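> As annotated in TrEMBL:
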- A:1-23: region 'Disordered' (REGION)
- A:49-68: transmembrane segment (TRANSMEM)
- A:99-126: transmembrane segment (TRANSMEM)
- A:147-180: transmembrane segment (TRANSMEM)
- A:200-221: transmembrane segment (TRANSMEM)
- A:228-245: transmembrane segment (TRANSMEM)
Amino acid sequence: MSQAEKSQAEKSQAERALSSDPRGSRNPLWTLGLLRSEITTLLRRHRTYALLGVLAAVPVLIGIAVRIETGGGGSGGAGGPDGGAGPAFLAQVTNNGVFLVFAALAATLPVFLPMAVGVVAGDAIAGEASSGTLRYLLVAPAGRTRLLLVKYASVLAFCLIATLVVAASALAVGALLFPVGEVTTISGTRIGIGEGLVRAGLTALVVAVSLTGFAALGLFVSTLTGSGIGAMAATVGLLITVQILDSIPQLSGVHPYLFAHYWMSFADVLREPVHWDDLVKNFQLQGLYVAVFGSAAWARFTAKDVTA
Amino acid sequence: MTDTAAESEAGDAVAEDAREGHAAVTGAGSGNPAPVPATGAPVIRTRGLTKRYRGGQLAVDGLDLTVAAGSVFGFLGPNGSGKTTTIRMLMGLIDPTSGTAEVLGRPMPAAARTVLPEVGALIEGPALYGFLNGRDNLLRYDRADPTADPRTRRARVDEALARVGLAAASAKKAKAYSLGMKQRLGLAAALLRPRRLLVLDEPTNGLDPQGMREIRSLVRELAAEGTTVFLSSHLLDEIEQVCTHAAVMARGRLIVQGPVADLAASARGRLAVTTPDPGDAARILKEHGLTGLSADGDRLTADAPPAAVDLADLNAALVGGGVRVRFFGVERGSLEDAFVALTGEGFDVAG
């Protein structure tokens, strides 16, 4: 506090600047400042890079594994019969690197991608609560509804970033290790490489949208507890539970209501023409989850006593 | 800073407040006429504020608190007496079970969006993003306030950092900060904008003596600028040095509130005499109607005489009676004495 005089001068300057802006007038883009802060804060955490790093590594592993396998066998055509047993699209990768995008998304969507989203969503409110920063955001005052919306928006941004990281990594590895050319759709027709890349981008978007319901569920869990780790664990636990339930045939009655049930419908983007039925069902289901758990999160968070 | 809205509300509330200021002084303080100098509408006013947690525990019980504008208000109480719960209710972080709280003349938590931009708060210690540096922590908190002007943001953050003496450490990651530096950064967050009310919960926690002095002088400086300061502390010294008014809580209830001078005075001072002739001195003092005499070697103490008795006469009587006096004087009652008298327990005993 030795620079008292200097700070005094700066202060009156700041006050003048403030008084030129009548108090109470708020920026019409009132959430954008906080949203930007939220996303940049997310992107400055080492944890975020660790998650994205793992996601980026999956296509690299798949690419190298396929390359070694086909290199050793010497016959790329052998992928055909094997393809039925392995993950989707894996067989086509040797012929066309672009397929690594679809293969990587198919490999990460059941567990890796939602797990990363679950960590970020589960931590969204609970992490702020356990570090105590939540109370300072609320007395700033961020506003509870506004903070929740911004948190959800940043989780959605992470869904998109994570998906794009997988797709971009897969495209780079695919182009590096395998030939790239015309894409053969599931329907058997061939489309140009440009059209194929558009389909790949569209697929990534569909995968990102597939995660929105689970993201809303994670955000709701995050409002229930003051422990960031607990919320992350619960969210990821829910994911695993749902994936197990979805694989038990005897429970087929509840399957259409499980958020993961239509996830693999993204493959329909690769049909000619695009087969929308299951994609639409997926979007509707995600919308339902967003509405239900978004409302639940809002009801819980706006009425919650913040004691942490 | 013009607060026309608050000014217009001030008028009708002043008279009422002055009366209630009296009424709220209960317990030992009620003996003293202690008008709260109401320079404006009360900045904080609670009526019957009660919080019962879900476990059934009654944290705050029927609190009637009035904090006048322009005062430096000390909020005292042992650990677990409900201070922090009260502060959280005032800041809209938790809903009261019953009763009302008004901050800056508006109901909380309903008016949180209009009230809180004018309130700076340090609640239960600082909370920071360890992976961000000091400056970015403040930028984040400022962005959280939708009414904060983004054009002046950097200037205001720099000014707040300079004000708490952290300008040099602003580029350092917050997780590398010492407890004292974190405390300063928390204070800086409360000073990001000109505030009408500062709520500081244990602001000198973790600071070294030099840091404590700096924070106290900062509090005085802010008060001199017209900011009302609501300061909770377990350091009675601190309250006595800094605060104009104080309230004491114990077991969720408000025991007393009023000007600090009156509270301290309510704990009557002790007359102390040091003499090689304690026996004679005790006899003479007794003859002059003094009570509560106790002797400890050559030191003799008694309850301070009423104001009507001139101490000079007492001293003359002692000397006239052949008592050799080494020291003679009244030791003022401290806030700590008052506190112990009010709560009947030491300060560090949890309620």
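Every residue, even glycine, has its Cβ placed from backbone N, Cα and C.
Predicted, not measured: the structure shown is a model, and the values here were computed from it.
Distances, neighbours, how buried they are, the whole picture for these features please.
Sequence-remote contacts of a segment are chain residues at least 6 beyond its ends whose Cβ falls under 8 Å from one of its Cβ atoms, and for the transmembrane segment (A:49-68) they are 90, 93-94, 100-101, 103-104, 107-108, 112-113, 116, 119-120, 161-162, 165-166, 169-170, 173-174, 176-178.
Same-chain neighbours of the transmembrane segment (A:99-126): 42, 47-48, 51-52, 54-55, 58-59, 62-63, 66, 87-90, 92-93, 134, 148, 151-152, 154-155, 158-159, 162-163, 166-167, 169-171, 173-174, 178, 183, 200, 203-204, 207, 210-211, 214-219, 221-228, 230-236, 238-239, 243, 260, 263-264, 266-267, 270, 301, counting only residues six or more beyond its ends whose CB sits under 8 Å from a CB of the stretch.
Listed as Cβ neighbours of the transmembrane segment (A:147-180) (distance under 8 Å, sequence separation of 6 or more from its ends, same chain) are residues 31, 34-35, 38-39, 42, 48, 51-52, 55-60, 62-64, 66-67, 93-101, 103-105, 108, 113, 116-117, 120-121, 124-125, 137-138, 193, 197, 200-201, 203-205, 207-208, 211-212, 215-216, 218-219, 222-223, 294, 297-298, 301-302.
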> For the transmembrane segment (A:200-221), could you work out the same-chain residues 6 or more beyond its ends whose Cβ comes under 8 Å from its Cβ atoms?
98, 101-102, 105, 109, 113-114, 117-118, 120-122, 124-126, 148, 151-152, 155-156, 159-160, 162-164, 166-167, 171, 231, 234-235, 238-239, 259-260, 262-263, 265-266, 269-270, 279, 282-283, 285-290, 292-294, 296-297, 300
